[in-house]
Amino acid sequence: MTTLLRPARTVLVSSIILSLALPAAAKTPVATGTGGAVATISEQASLAAIAILNQGGNAVDAAVAAAATLGVTDPFSCGIGGGGFMVIYLAKDKRVITIDHRETAPASFTPTVFLKDGKEMDFDTVVASGRSVGVPGTVRGWHEALDRYGSMSFKQVLAPAIDVASKGFKVNDTFSHLVQDNETKFALFPATAALYLRNGKAIPAGTTLRNPDLAKAYRELASGGVKAFYSGKMARAIVDAVNSNSGSITLADLSNYEARLRQPVHSTYRGYDLYGMPLPSSGGVAVAEALNILEGYDLKSLPRAKAEHLYLEASRLAFADRNAYLADPEFVDAPVAGLLNKDYAARRRELINPTQASAQAPAGDPYPFQNDMSVPLRPNANKLIAEGAHTTHLTVSDKDGNIVSYTYTIEAWGGSGIVVPGYGFLLNNEMTDFDFSGPAPNVPEAGKRPRSSMSPTIAFKDGKPAFSIGSPGGATIITTVLQTIFNYVDLGMSMPDAVNAPRLSERNGMATDVEPNFTGSAQAQALEKAGQHWSKTPEEIGAANALVFNPDGTVTAVSEGHRHGVGSARVQKSAH
Ligand code: GLU
């Protein structure tokens, strides 16, 4: 590397690339050490975060670097064509901040946008079209995070991702299978087919995939900042891509987009203080309500199956409320205070039979527990839809104790399927997170953000960071975060065991979702004795990433040990 005569910034960028090229320790899903730490589902993304930390960047800088790299290596889960929710702990100020950069409905949206002749349109047809695309929030979110809480520029933090996008990376089995599953959708859009299909078929595992168009998009952000995305050529390309595929979005929709800094949802559980994502994500409220219900039991004294039965029942009740009440707080007066109230949880707990599973639960009445005079909305619960593991979650800490817990997405695997021509990124289908018909708080409206389930969480004990946790997986995100906390706090598992344990997702449906090989296991049979039963289509649930702040001052980064092709945990200075 001949960097001597280059200007300072180029030297920095080159050395980031150099550090990425250095031989690193082997990929591992668990790592303990000091300094900063990171857990993501992508080796390149975790390396990008560590490179930025080694350059003196903080957790926010490193989180954006990892997220941008995930946009290259995991483009079907996330990217600049989508949005997300970031929870940040600032150690010096002892503050938790959240940045909502959820995709937003264009001004053309109305509550009937997904109806035709009074009937709901076909879900999959809407997904694979411009109708499902919301105004992307990712770039605005990264901008707010870096500008307010980071220490580096877009140019610096995007350098590792630009490097991976330009030089390419090896497509793995998970990546190739995801393309295979989406061949029909991707074939509809020429720019998508050109990038991910070869003669109409998925690019095979082992291929080195370059994405020069995405590298170009990132370079434009590196030089032009947030404006390069929300106005000018890239914005016009987005508008054209959406509107030529039955959507209706304008340049004004893009230039008007704002991220929101929101007060986190704060709850307590057995001596922990939990900070999670507020509305428009239902994640923080639903996790907190379920934990409040569980707190009334001495779970540690119970056999595992009895405790897990209670976990499933608490989750069912929290989901009944989540489905009935929660939506974008700028449009709907949701009874959040009531839902988070411990006395309300006690009322909900009375409905649980400790030895018998209940049928689908109706929503409760949180209004008597609501300490404000909000207008009640009592709509019908919406129906359940199948959830995959789309989306991605990453978590980073730095040597100064700052922490980021960040979930971001383009919604379904491959989002709408529309790659923006010339820019190499997929547009989201987040608008299908709205209910297609009402009455419901979560119906589509102009400028509204669809209800999410993303649940990036940071937990504290005695005022000090204890752990962070989050996952992808649509509405199963809530149950994955809830179950991992339950496994860790109540069942006393180590965090790697808590993450790797079989996942059970009860969302007030007809049956609990489980993973392959669970049905028939001793654990399943023990729960069946209480009437629990399982869906017939087991699928991998979630892809969690966590950090644990150990009493000896070390940090343990924890990723998946077997799901999603195994994740990547790294620390700046290994303890071993
Ligand atoms: N659209 C989902 C949500 O916001 C996230 C995507 C997913 O994980 O399926 O809750």
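Any Cβ shown, glycine's included, is placed from N, Cα and C.
Per TrEMBL, the features are as follows:
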| type | residues | note |
| --- | --- | --- |
| ACT_SITE | Thr391 | active site, nucleophile |
| BINDING | Arg102, Asp433, Ser452, Ser453, Gly474 | L-glutamate binding site |
| SIGNAL | 1-26 | signal peptide |
>> Need the DSSP three-state call for Asp433 (L-glutamate binding site) to compare against my parser.
In response: helix
> What whole-number distance in angstrom separates the two most remote CA atoms of the L-glutamate-binding residues Arg102, Asp433, Ser452, Ser453, Gly474?
Replying inline: 14
> Just checking: which of Arg102, Asp433, Ser452, Ser453, Gly474 have a Cα that is within 10 Å of the Cα of the residue listed as 'active site, nucleophile', counting only these binding-site residues?
Replying inline: Gly474
> Around the L-glutamate site recorded as Arg102, Asp433, Ser452, Ser453, Gly474, what other same-chain residues have a C-beta within 8 angstroms of the site's C-beta center?
Replying inline: Pro280, Ser281, Ser282, Thr409, Glu411, Glu430, Pro450, Arg451, Met454, Ala475, Ile477
> Non-local Cβ contacts of Arg102 (L-glutamate binding site) (under 8 Å, 6 or more apart, same chain)?
Replying inline: Gly83, Gly84, Phe85, Gly134, Gly137, Pro280, Ser281, Glu430, Arg449, Pro450, Ser452
> In sequence order, which same-chain residues at least six apart have a C-beta under 8 angstroms from Asp433 (L-glutamate binding site)?
Replying inline: Glu411, Asn442, Pro450, Arg451, Ser452
>> Validating a neighbour-count step here. Other CB atoms within 10 A of the CB of Thr391 (active site, nucleophile): how many?
In response: 29
> What same-chain residues, at least 6 away in sequence, bring their CB to under 8 Å of the CB of Ser453 (L-glutamate binding site)?
Replying inline: Ser281, Ser282, Gly283, Ala286, Gly474, Ala475, Thr476, Ile477, Ile478
